[in-house]
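As annotated by TrEMBL, domain 'G-protein coupled receptors family 1 profile' applies to 62-310. Taken from TrEMBL, the feature transmembrane segment covers 51-71, 83-106, 118-140, 160-183, 207-228, 249-273.
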Amino acid sequence: MSQDFNMTNDTAEVTTAPGYEDYYSQTGDVSAAPCKIEDLKDFSQVFLPTLYSLVFIVGFLGNGLVVCVLLRFRHKCNLTDICLLNLALADLLFVFSLPFLAHYAALSSWPWNGAMCRLMTCFYMLGFYASIGFMVVMTLDRYLLIVHSPSIAMWRTLKIGMVLIGVVWAFSLLASLPSIIFVEVKLDGEAYTCTMEFPEGSMWRSFQYMEMNVLGLVLPLSIMVCCYSRIIPTLVNMKTQRKHKAIKLIFIIVITFFLFWTPYHIVIFLHMLKGQGYFLDCHQMHHLTLAMKWTETIAFTHCCLNPIIYAFAGEKFCRLVVKLVAQWLPRCSVSRETHERRNSVYSRSSEVTSIKLL
């Protein structure tokens with residue numbers, strides 16, 4: 001996911017649209033010597049559609065399977081499963097915008113009207129913020145359930161969970177509003193662009209950069225580090241054979257989030273500095289724009305990993321997948337029964353621990 005749907009196009013205005021021979025800074029210094037960006041245009045028109053399409057296919061299949069399984073066995077869902085379902089829905093909402101982005105990059109011009117531009121921006125931004133929000137909620141849920149298990153169990157109800165889900169979606173929509181409000185389709189040269197147009201002299205652009213950095217990286221990463229730093233000592237003291245797997249999964253969650261999102265947010269911060277008059281050199285702008293494209297695409301792929309990290313790592317979810325496949329393909333019933341017999345050897349206490357950890 002990205003700083004926003006239009007941040008991509010804010011930089012794409014000078015990288016994907018036909019006729020963009022010159023590359024100027026965001027400050028509008030049109031008297032400066034033009035930068036030749038043919039390699040950036042080629043990258044945007046050839047590689048970006050391919051990368052976006054791959055992310056869309058993998059993300060759609062993975063998150064779609066999570067949604068199908070959890071809806072099919074919704075009577076067996078707990079609070080963690082509900083959060084996982086909404087995380088998958090948020091990622092699906094985001095990946096639905098990628099085919100439009102791919103087509104946009106390939107044509108080097110926005111081919112639809114302003115309503116479609118605003119709708120795709122809404123999908124893009126709402127999916128991004130909601131996905132981050134549900135990852136944070138799942139982190140807090142693990143923390144409360146493992147570190148404060150006796151005192152929190154009575155409050156961990158589906159009713160409270162549904163209220164919390166609603167709060168996350170409402171907050172995500174609120175955070176997305178600046179992008180949705182200020183986005184528009186404009187004719188720039190020979191091409192149409194779907195981009196944000198902020199009031200001249202306002203601080204909205206800088207605000208959006210800071211909002212993205214804080215809500216998209218600093219806050220969620222801080223919560224993850226704080227919560228998991230308390231969870232790990234608790235797990236170490238547990239007398240369960242699964243604690244090593246749980247600790248390994250925790251490191252995977254934090255490190256993956258950090259590696260996939262930090263480079264992109266660093267580039268976003270540099271773009272904010274560019275808007276303040278820094279990095280106006282042609283060579284610097286060239287590399288900054290190229291870095292935005294690469295780090296943005298890397299960040300996109302995180303939505304493909306969420307089903308693997310949060311869903312398929314859990315034995316309960318894997319059992320449900322096998323059961324669903326067996327229902328779709330009756331010939332798989334033999335392997336399903338073998339799988340269920342193997343998992344039945346675990347004690348009830350181990351199953352409870354698995355739900356807590358995963």
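Placed from the backbone N, Cα and C atoms, the Cβ positions cover glycine too.
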Given a Cβ distance threshold of under 8 angstroms, which distant residues of the chain, six or more beyond its ends, lie next to the transmembrane segment (51-71)?
77, 81, 84-85, 88-89, 91-92, 94-95, 98-99, 101-102, 105, 297, 300-301, 303-304, 306-308, 311, 317, 320-321, 324
Cβ-Cβ under 8 Å with the transmembrane segment (207-228): same-chain residues at least 6 beyond its ends:
1, 3-4, 7, 128-129, 132, 135-136, 139-140, 142-143, 175, 178-179, 196, 250, 253-254, 257-258, 261-262, 265, 268-269, 271-272, 275
Can you name the far-off residues of the same chain, 6+ from the ends of the transmembrane segment (160-183), with a Cβ under 8 Å from a Cβ of it?
4-6, 79, 82-83, 86, 90, 117-118, 121-122, 124-126, 128-130, 133-134, 137, 194-198, 204, 207-208, 211, 215
